[in-house]
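Right, one structure below, let's go through it.
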Amino acid sequence: IAASQPSTDWHLRENGREHHTSKFSSKELIVRRGQAFVVTFNGTEQPEQNFTFIAETGPKPSKLTRTQATFGISSTVSKDSWSAVLKSTSSNSVSISISSPPNAVIGRYKLGVQSGSSSPTSLGTFVLLFNPWSSGDDVFMPNKAECEEYVLEEFGIIFAGNKNHISSFGWNFGQFQGDILDICLSMLDRSLSHRQDPVTDVSHRNNPTYLGRVLSAMVNANDDQGVVLGNWSGNYDGGISPSSWTGSGEILQSWKKSGFRPVKYGQCWVFAAVLTTVLRCLGIPTRTITNFSSAHDADRNLRVDEFYDASGNHLDRAADSIWNFHVWNESWFSRSDLGPSYNGWQILDATPQEESEGIYQCGPASRKAIKEGDVELDYDCPFVFAEVNADCMYWNYDTATGKKNLIFSQSTTIGQFISTKAVGRDDRVDVTSDYKYQEGSKEERDVFKKARKKLGLEDKFDPTAPTLEEVEQKPDISGKFKVAGPLQIGKDLNLILVLANLQSDAKTVHVNMTAWSTVYTRRPVHEIWKDSKSITLSPKEEKQFPIKIPYTGYQQQLTTDNTIQVTALCHVEGGIQVLVQRDITLDSPTIDIQVLNEARVNKEVDVEVVFTNPIDTEVSNCVLLVEGSDLLRGILKIEIPPLKAGDISSTKFKLTPFETGPKHLVVNFSCDKFANIKTFKMVNVVD
């Protein structure tokens, strides 16, 4: 298309309103496929019947790959191809309504017009996105409130903690801010599939199944110099601790500004949040999902093995693991590759855990296929099925001889309280029943058997599996850890080990106890405490043993996840070992935000953040980070003077909101004793 430029009016406001794209702050037209948009251009003397329009995208546009369309003016809109309908003409300008098919390739297009036999004239460029409001689109979402939440909402809530203690924090997705759309489009152009075969790659960009899979690979840095580099070591030197981020914008901008070098560092919620931003930006309805007690089954046997030594230390020697929580994505689209019963929510996971087809990508796996145990279907269903369904085996491992004995197995631990944010509200919704039938029900066990059969596990001899004798052994005692006091950083940790004799004869028990700080994947990082005792339990007796781990004993060892795993390995004389364990997530102190006057668009508003130092020593290196789409651009960083024991810090700052409506301010406070205390506040901006 030649470059001479007649003046083009893209009707940005009107088209933006009609196409639900007015939140983008772009001077370029951004519209959704399968829906008409209006464009007016002048400087043409030809009768409009002779016009031919050319829309093209990608490096080598062609009709064959459906990356180029030529179309004249017709009297009606075509359902399945590009078309143009004349709206009005004046002496020197023409207004045309252009429609794209609902399965058009998405991306940046050049639009040209040709009259008669003259060479084509460029009208400029526009960006075409997926259209969840259009019934012909693969991403069509009939519920308008869900479209608002899963495509247009720039704020989200991510759930974390553990199954005994669910916590949450706010996240600024910011998909319409600044140049995020351009960064998302460059992610597609930097993918391995695009580098290997740009023409074929662009021709597949009409398909959300394809794009979702490509982007699940591009959000992590493995294989392709993607956006975020993962780090689960507990040591985040040379980068930013994963818990410090409060939004995706800063991450995507850093990636672009550094010349597309991976941003350090991310963990699962960071990968999931960035993928949410990218997919919502492109128009695919997407949400984050948190799975508690999430299995990472590395060897596809639907079983997760954990190993403990004789002292009760959790050994970091298995490829398998059970994470306190794991965050992935669900995106809404139809699966023409699988058939209509697998349409709807699809699981995508950008966290690099296992390779799929040679690279770190995961999904889309149909949520319906996971619930029904149809693990043979594309993509990565066995891995996702295991995340919510695997059985757990706990082994005692002798580090000297390499021998292992099964302590016990569980089939109901994995995949609990699967959570996501409610539509239009800041509440948690439990979606566990969409992933599996009631735990312990006949349907649930039938689905598990069906999945094992499809994976060829049910009749293969497995030398690592426990023997029937090991599985059948019944313990003589039972045990549990009870919490006896606040689970707060800065306070001593008080627990009670409760042991009960299940038999009618006395038992002697040798108990080895340990406490380790961990990351949220339950990987042990530092030993905090250990103790051992020998006790006698009378017939049917229950005894309680208080445990106190002082704040000074764990403060230096805690990771930014604030998690501690406490273990008691009980050696019963003449009986089998009993493992008692509990994962504890400590709460940070709270911070409070107040908006001090009415928030009006383009007017300054005062905000106050208050923090009280709850511990009896001074805290220093205090930093406050503030962000929020449409409330401020970028991140506001405020350094706060040190706070003595019990002191209250009040920090005031001003914002100038630039859009109306309900907006969210996300705040993160850190100091030398407390990492990443987060909170958020809804700010309703009026005209």
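A Cβ is built for glycine as well, from the same backbone N, Cα and C atoms used for every other residue.
Features of the protein shown, as given by TrEMBL:
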- Cys268: active site (ACT_SITE)
- His326: active site (ACT_SITE)
- Asp349: active site (ACT_SITE)
- Asn389, Asp391, Glu439, Glu444: Ca(2+) binding site (BINDING)
- 10-25: compositional bias 'Basic and acidic residues' (COMPBIAS)
- 260-352: domain 'Transglutaminase-like' (DOMAIN)
- 1-25: region 'Disordered' (REGION)
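When the Cα of Glu444 (Ca(2+) binding site) is compared against those of the active-site residues Cys268, His326, Asp349, the shortest separation belongs to His326. Spatially, by CA atoms, the active-site residues Cys268, His326, Asp349 include one closest to Asp391 (Ca(2+) binding site), and that is His326. Checked against Glu439 (Ca(2+) binding site) by C-alpha proximity, the active-site residues Cys268, His326, Asp349 yield His326 as the nearest. With the fewest other Cβ atoms inside 10 Å of its Cβ, the least crowded of the binding-site residues Asp391, Glu439, Glu444 in this structure is Glu439. Other residues of the chain with a Cβ within 8 Å of the Cβ centroid of Asn389, Asp391, Glu439, Glu444, the Ca(2+) site, are Val388, Ser411, Thr412, Ile414, Gly415, Lys436, Gly440, Arg445, Phe448. In this structure the alpha carbons, written CA, of His326 (active site) and Asn389 (Ca(2+) binding site) are 14 Å apart. In this structure, the CA atom of Cys268 (active site) is 9 Å away from the CA atom of Asp349 (active site). Note: Asp349 (active site) has non-local neighbours Ser216, Phe271, Ala272, Trp328, Asn329, Cys362, Gly363, Asp380, Val384, i.e. same-chain residues 6+ apart with C-beta under 8 A of its own C-beta. All protein chains shown were included, and the count of other CB atoms within 10 Å of the CB of Cys268 (active site) stands at 28. In this structure, Asn389 is the one among the recorded positions His326, Asn389 with the smallest number of other Cβ atoms inside 10 Å of its Cβ.
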